[in-house]
């Protein structure tokens with residue numbers, strides 16, 4: 001491997017673009033190859049076997065395109081598919097951070113909310129990691145099943161999205177949380193709406209930044225971090241490129257990215 005090989009980033013759809021933004025900010029000289037499986041999104045309600053098969057297809061495609069590192073920019077893929085990927089390919093896999101350190105530093109009353117897919121909440125992965133660091137911390141998870149279809153459908157500002165935001169926020173406010181983890185990479189797309197619903201007394205933590213720092217540390221340790229030269233970004237979708245590009249404009253500079261549709 002050499003420094004000029006791209007970093008691969010995978011997600012079930014467009015949510016991983018929020019992680020891509022953090023990666024670009026942390027490593028501005030790197031080349032990125034993003035693959036979003038928009039044709040088959042969302043993943044959160046699919047079976048374990050189906051998700052594993054989809055992840056294998058995406059990872060094989062990225063290996064064929066010569067990546068030096070893979071970032072699984074999707075919590076469902078990280079929880080379920082990372083173990084399947086590791087060891088099967090010549091590159092390291094960086095999963096989504098649980099951001100336990102950041103969350104525990106932010107909370108005052110140790111009542112922490114988790115907004116994620118039903119699958120991610122059901123695994124208990126966030127609870128285990130946070131309580132391993134602080135047994136007194138309480139984690140309250142809410143499966144936000146309505147968010148991904150509304151975000152993927154570019155339904156920002158719609159009555160349906162506003163209703164869903166208040167439904168999920170109210171459930172966590174009832175638990176008196178003072179810190180909320182965005183446990184799905186789609187949710188930063190609606191972060192401003194969520195902050196408004198929770199109010200200024202609640203801190204929202206996006207694990208993307210911690211994930212980007214982990215990716216950078218891995219490349220530095222292996223001597224593969226690009227520290228000079230122009231960075232680049234190629235964004236590939238298995239579904240409609242037009243809709244994906246519209247959503248990308250909310251996170252990235254579309255003029256600085258190349259967009260493609262691919263078949264797996």
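Cβ atoms are placed via backbone N, Cα and C, with glycine included.
Quick caveat, the model's predicted, so the values are computed rather than measured.
Annotation for residue 12 (substrate binding site): spatial neighbours 36, 37, 40, 41, 42, 43, 44, 54, 74, 76, 77, criterion Cβ-Cβ under 8 Å with sequence separation of six or more. The substrate binding site annotation in TrEMBL covers 11, 12, 43, 44, 75, 76, 185, 186.
In the three-state DSSP scheme, residue 74 (active site, proton donor/acceptor) is classed as coil. The feature active site, proton donor/acceptor is assigned by TrEMBL to 74 (among others).
The active site, proton donor/acceptor annotation in TrEMBL covers 184 (among others). All protein chains included, residue 184 (active site, proton donor/acceptor) registers 29 other Cβ atoms within 10 Å of its own Cβ.
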Cβ contacts of residue 186 (substrate binding site) (under 8 Å, same chain, 6 or more positions away): 13, 14, 15, 18, 147, 148, 151, 152
Other residues, Cβ within 8 Å of 11, 12, 43, 44, 75, 76, 185, 186 Cβ centroid (substrate site): 13, 15, 16, 41, 42, 74, 77, 117, 148, 184
Residues 11, 12, 43, 44, 75, 76, 185, 186 binding substrate per the record - widest CA separation, whole Å: 12
Tertiary neighbours of residue 11 (substrate binding site) (same chain, Cβ under 8 Å, six or more apart): 17, 19, 34, 35, 36, 37, 72, 73, 74, 77, 185
